[in-house]
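Taken verbatim from TrEMBL:
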type: DOMAIN; residues: 22-31; note: domain 'Uroporphyrinogen decarboxylase (URO-D)'
type: BINDING; residues: R27, Q28, A29, G30, R31, D77, Y154, S209, H327; note: substrate binding site
type: SITE; residues: D77; note: site 'Transition state stabilizer'
type: DOMAIN; residues: 142-158; note: domain 'Uroporphyrinogen decarboxylase (URO-D)'
Amino acid sequence: MSELKNDRYLRALLKQPVDVTPVWMMRQAGRYLPEYRATRAQAGDFMSLCKNAELACEVTLQPLRRYPLDAAILFSDILTIPDAMGLGLYFETGEGPKFERPIQSLDDVKKLPKLDPTDELGYVMNAVSTIRRELKGEVPLIGFSGSPWTLATYMIEGGSSKTFGKIKKMAFAEPQTLHLLLDKVADSVIDYLNAQVKAGAQSLMIFDSWGGVLSPRDYKEFSLQYMHKIVDGLIRENDGRKVPVTLFTKNGGQWIEAIAATGCDAVGLDWTIDIADAKRRVGDKVALQGNMDPSMLHGTHERIREEVQHILAGFGEGNGHVFNLGHGITPDVDPENAGVFINAVHEFSRQYHK
Ligand code: CP3
């Protein structure tokens, strides 16, 4: 394996000194890029793109050809696990992901198979090793998974939800069933992420997109507990280098102390928390990733640059900041504005790293 030419992202996650603040964007490979839309059309549907290692590698690299990003993220989806468990994932245009056979009962949970990540999910590992080879050591590769709670919302609701009525009914009327499901999913996530590390992922991120719809007590019981279990089960060093782990709960700003206490290396922040506040609360324990509102990318170039400076000043001096958006970049963003954002992070952060 070739040496890493740019390891700022890994260094920042471990709170080591860097020359400028590293930056990447959640969903950086996606529909806002015309070259992504062209490759996606060539693949047919979204899952065919994920299952084709060469094309998944191509779309992973596309944003890196345009912008001086400090990390690449595996092109895949969090719903590969429930798909591999046989729930029948499909995408309806404009409506997001759906499952043909959602989980409805204890029996359904008991019947879920134990996954072998190198078998049913072997296509993901092929994508990881292909991307690692083609990156040629330019920047590190991030592997990822959904949190058990977030995956369970899709598995039980059968798709995206506004109220989370079905999974909450299970949580409050039949908690043992939900706990069995969350535990099984957590075990699969551990094996899946460790397989990604063995295939070449150099850092891991867990997306808990829907933990923020829970009360503080229920967040700990149904979401955080299982992310903690995952953190405990992960390979934390490979090829002589630490493999840092980032936990991101959307709308989880009020729980960052508890998230940091899991033993993860970094906490991802959305834009509803002030990063200066977050740093005061947990900055001596973990690195922080975030946290510009993705909608800011619709602002003027001046406003985007001003916001980047504001967030950098909020974090201030010291190590342990990875710049990112507070959630995924949306398909309607002008790619030029994404470039303004990324360049501003490097330009204005130099003064904080002397
Ligand atoms: O960041 C990256 O560039 C890597 C790729 C990535 C995708 N999905 C590609 C994708 C990652 C990290 C994800 C994670 C993911 N998937 C999450 C967690 C992050 C978050 O946004 O909260 C969630 C909740 C999903 C589930 C999912 N997959 C949804 C809700 C959708 C529909 C989104 C939409 O806007 O239609 C997807 C499909 C999906 N995953 C797309 C991409 C680029 C769009 C597919 C297309 O080309 O039509």
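Cβ atoms here come from the backbone N, Cα and C positions, even for glycine.
Curation does not apply to TrEMBL; its annotations are automatic.
What you see is a predicted model, and the numbers here were worked out from it, not measured in a lab.
With a CB cut-off of under 6 A applied against ligand 1, the binding-site residues R27, A29, Y154 are reduced to R27, A29. Secondary structure of the domain 'Uroporphyrinogen decarboxylase (URO-D)' (142-158), assigned with DSSP and counted as helix (H, G, I), strand (E, B) and coil, comes to 10 helix, 5 strand, 2 coil.
Per-class residue totals from DSSP over the domain 'Uroporphyrinogen decarboxylase (URO-D)' (22-31), listed helix then strand then coil: 0 helix, 1 strand, 9 coil.
Separation of the C-alpha atoms of R27 (substrate binding site) and D77 (site 'Transition state stabilizer'): 10 Å, rounded to the nearest whole number. Look at the binding-site residues R27, R31, H327 and count other Cβ atoms within 10 Å of each Cβ; R31 has the fewest. For the domain 'Uroporphyrinogen decarboxylase (URO-D)' (142-158), the model gives a mean pLDDT of 98. A gap of 13 Å separates the Cα atoms of Y154 (substrate binding site) and D77 (site 'Transition state stabilizer').
Binding-site extent for substrate: residues R27, Q28, A29, G30, R31, D77, Y154, S209, H327, maximum pairwise Cα distance 23 Å (rounded to the nearest whole number). For D77 (site 'Transition state stabilizer'), the spatially nearest entry among the binding-site residues A29, R31, H327 is A29, judged by CA separation. Cβ-based neighbour count (10 Å, all protein chains) for A29 (substrate binding site) stands at 26.
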